[in-house]
Amino acid sequence: MNHLYKNPFRIYEISFHFCASLLLCFLLFSAQAVAGGGGGGHSWDGIVVTQANYQALQAIKHELIDFTGVLKSWNNSASSQVCSGWAGIKCLRGQVVAIQLPWKGLGGTISEKIGQLGSLRKLSLHNNVIAGSVPRSLGYLKSLRGVYLFNNRLSGSIPVSLGNCPLLQNLDLSSNQLTGAIPPSLTESTRLYRLNLSFNSLSGPLPVSVARSYTLTFLDLQHNNLSGSIPDFFVNGSHPLKTLNLDHNRFSGAVPVSLCKHSLLEEVSISHNQLSGSIPRECGGLPHLQSLDFSYNSINGTIPDSFSNLSSLVSLNLESNHLKGPIPDAIDRLHNLTELNLKRNKINGPIPETIGNISGIKKLDLSENNFTGPIPLSLVHLAKLSSFNVSYNTLSGPVPPVLSKKFNSSSFLGNIQLCGYSSSNPCPAPDHHHPLTLSPTSSQEPRKHHHRKLSVKDVILIAIGALLAILLLLCCILLCCLIKKRAALKQKDGKDKTSEKTVSAGVAGTASAGGEMGGKLVHFDGPFVFTADDLLCATAEIMGKSTYGTAYKATLEDGNEVAVKRLREKTTKGVKEFEGEVTALGKIRHQNLLALRAYYLGPKGEKLLVFDYMSKGSLSAFLHARGPETLIPWETRMKIAKGISRGLAHLHSNENMIHENLTASNILLDEQTNAHIADYGLSRLMTAAAATNVIATAGTLGYRAPEFSKIKNASAKTDVYSLGIIILELLTGKSPGEPTNGMDLPQWVASIVKEEWTNEVFDLELMRETQSVGDELLNTLKLALHCVDPSPAARPEANQVVEQLEEIRPETEVETETTPFGSGGEGGKDLGSNEE
């Protein structure tokens, strides 16, 4: 202290430093208070927002509807609080540069006053419920870089003025309700690299300026109504386009060659359009391409050999086109391929052995083509293969045991000469007692030793001998025909004498001897009269195989056609019990049930059932095995759904019978596309073990109700579940045996409806009719989901389904006309009189 008194200047120095420290602390405290006063957590440069920006934000708030209270911070306080406390607002030097309010539940509209935010760079309001139009004033914002308005309810057209934003880089207006054409001016921004306008209702052509943009790396226009040809993609130098998605539109014409010259392309999808012509071979020169989808078009020609050069390709989907020719042998060069879908084309030749070299492949679908030969053994080495389908080809031979154990029978159906894929379709045992069939090697050796040139005399003698043999064969055939005709005339004379008794017998059945073949033929009613010999000597054509047996189309000698089902041996009940059950089935008559006309018991235990022949085949083939040019309108689909429902309701209410195996394959269609339920009651003819196998097969095809895993018994409610699956099949065009994204058909439909994308459920063909039948489609979908409710008690009765379908679409005079039999005839009166 004494020292300080001695040095007064030291006192002044200490006082000065103390005051300076206090002033610095005060300034720091003041700055911190201003910066943190709003409590909004946003950084702020300390400059107050301009009055124009403040008024614009107030106008924006006024037109938005704040359902969740997120805009409470946008109060009427001074403009000094905007940048530091208002939710979703970011500023720079007193100017609003970003509005970020995604997933906030905001409704209302976007004010045109947003154009007053002259420094706005980013507008992010996606995943809300905002309606109205896209503000035209966005085109005034010269600093705008990103617009994210996807997943809202915006309508109207895309403003042309957006092309006036020179710095715009990302424009995403997807998943709205926008209409009109795509403005060609959008690509006037020299920095636009990402454009997403998918899932709207845009129409008109794809602007040439968009296709020829020098800056776009991502272009997604899927699920719109765009039409016309795809313009040439200008290629002169380096173009950065990596992703192109144009699927689910109405583009026509050929795939432009110039598109396949964008060397940086990684993903191309142009599925579900109307493209034609062939695939350009230049598409095989894209070194970075990972996914290529040309499915559901009318593309023809062959798969280019150049595709084997796509070394980065992971997924190739060419489903539902008109491609022909073989699969290139060098396909195994696609080392990264995990999915190959060539379903529903006209591709022929053998399945290449080289596919077995693609070790990473997970999904392989070659169904509904013209492949021949055996299934290559090399496919058993594909350890990652989880989805495999070669059904409905012309394959032959045994299925490799590894594949038959790993995949169910639906993967191999429709190949008549294929065997070993299920217990009901075993391969025949090898025959060790061959007839005189020489192998190529053994037949050539003797010819080398005994070969000599035939003389003219030898040739004449051989020709005369052959002619005599042919004449002798013709005489034998004529003699057999005369004998058969006389026998038939005698039988007809006998029938004429007893015709009155036959008519009075009605559906009770009339038995006749088996003729020369033996056995017993029992007729119910029907338009045709034939003998056992006529039936057994008819020209037969296999229509399909099932757990019950093999179905044939039989053409009788007089040209009439019937359907014959040969039941599998050792699966049916004893003769006495069998006849009692089959006689009861022969009495059932309804316009939507396939009528049993006769049955035959052979001398060796064979059992044949005779039905009306349905010219249009099964509903499954009608829906899934047609070409893209064959359209099925909603009127026809609803007619089929009503017919199935009526037939099932009659079985439940009038016959007290459960079908137990209702599938689209068991719904047959006549010439007028009337539905006839087949295979009802056949389980009553089977042993208990065989009937259980039938129900298990129905489950593998996706028609089995979930409660089967516990109760193991069929009921009227399990039939209604199967009916619901078939109605979903009619609505979606999808087969229930083909899982979508790992979900079965009801789960997939429910997931789409839950996301409020209900229109995505319906078959693309039906979407063209939505303006006239949109309500019918939605109401039928609700009914189908009711039928497939996991709880049996929640499902309606079959007769309730009939009533609701008739309420959804009342009958017209045309729809009420029915065709009694597949081939017409007198039987129409019988069916009409027996209808209840």
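Glycine residues also receive a Cβ, built from the backbone N, Cα and C atoms like all the rest.
Annotated N-linked glycosylation site per Swiss-Prot: ASN75 (among others), in sequence order, evidence recorded as sequence analysis.
What Swiss-Prot lists as N-linked glycosylation site is ASN196 (among others). When Cβ atoms from all protein chains are considered, those within 10 Å of ASN196 (N-linked glycosylation site) total 20, not counting its own.
In sequence order, SER201, LEU202, SER203, ASN249, ARG250 constitute the residues six or more apart from ASN225 (N-linked glycosylation site) in its chain with CB-CB distances below 8 Å. The N-linked glycosylation site annotation in Swiss-Prot covers ASN225 (among others), and the record cites sequence analysis as its basis.
Per Swiss-Prot, N-linked glycosylation site is recorded for ASN236 (among others).
There are 15 other Cβ atoms within 10 Å of the Cβ belonging to ASN300 (N-linked glycosylation site). Per Swiss-Prot, N-linked glycosylation site is recorded for ASN300 (among others), and the stated evidence type is sequence analysis.
If you look up Swiss-Prot, you'll see ASN309 (among others) marked as N-linked glycosylation site, on the strength of sequence analysis. Using a 10 Å radius centred on the Cβ of ASN309 (N-linked glycosylation site) and all shown protein chains, the other Cβ atoms total 17. When secondary structure is read from DSSP and collapsed to three states, ASN309 (N-linked glycosylation site) falls in the helix class.
Under the heading N-linked glycosylation site, Swiss-Prot lists ASN336 (among others), citing sequence analysis as support. Neighbour list (ASN336 (N-linked glycosylation site), Cβ cut-off 8 Å, at least 6 residues apart, same chain): GLN290, SER311, SER312, LEU313, VAL314, GLY360. ASN336 (N-linked glycosylation site) carries neither a helix nor a strand DSSP state and counts as coil.
Per Swiss-Prot, the feature N-linked glycosylation site maps to ASN357 (among others). Under 8 Å, Cβ to Cβ, and six or more positions away along its own chain, ASN357 (N-linked glycosylation site) finds ASP332, SER378.
In this structure, ASN370 (N-linked glycosylation site) is part of a beta strand by DSSP. Around ASN370 (N-linked glycosylation site), the same-chain residues at least 6 positions away in sequence with a Cβ under 8 Å from its Cβ are LYS324, LYS346, ILE347, ASN348, ASN393, THR394. According to Swiss-Prot, the N-linked glycosylation site annotation covers ASN370 (among others), on the basis of sequence analysis.
Residues or ranges marked as N-linked glycosylation site in Swiss-Prot (evidence: sequence analysis): ASN389 (among others). There are 21 other Cβ atoms within 10 Å of the Cβ belonging to ASN389 (N-linked glycosylation site).
For ASN408 (among others), the entry in Swiss-Prot reads N-linked glycosylation site, with the evidence type sequence analysis. Under the DSSP three-state reduction, ASN408 (N-linked glycosylation site) is assigned to coil, being neither helix nor strand.
According to Swiss-Prot, the phosphoserine annotation covers SER618 (among others). With a 10 A radius on its CB, SER618 (phosphoserine) counts 21 other CB atoms from all the protein chains. In the three-state DSSP reading, SER618 (phosphoserine) counts as strand.
Marked as phosphoserine by Swiss-Prot: SER715 (among others). Within the same chain, residues at least 6 positions away in sequence whose Cβ sits under 8 Å from that of SER715 (phosphoserine) are ILE658, PRO792.
Annotation comment: Swiss-Prot describes 430-450 (among others) as region 'Disordered'.
The region 'Disordered' annotation in Swiss-Prot covers 805-836 (among others).
Taking the repeat 'LRR 3' (167-189) as a whole, pLDDT averages 93 in the prediction. For 167-189, the entry in Swiss-Prot reads repeat 'LRR 3'.
Within the set of glycosylation sites (ASN75, ASN408), the lowest number of other Cβ atoms found within 10 Å of a Cβ is recorded at ASN75. A gap of 34 Å separates the Cα atoms of ASN408 (N-linked glycosylation site) and ASN309 (N-linked glycosylation site).
DSSP assigns ASN357 (N-linked glycosylation site) to a helical segment in the three-state reduction. Secondary structure of the repeat 'LRR 3' (167-189) per DSSP (helix as H, G, I; strand as E, B; remaining residues coil): 5 helix, 7 strand, 11 coil.
A coil conformation is recorded for SER715 (phosphoserine) in the three-state DSSP classification, outside any helix or strand. When Cα-Cα distances from ASN389 (N-linked glycosylation site) are compared across the recorded positions ASN75, ASN196, ASN300, SER618, the shortest belongs to SER618.
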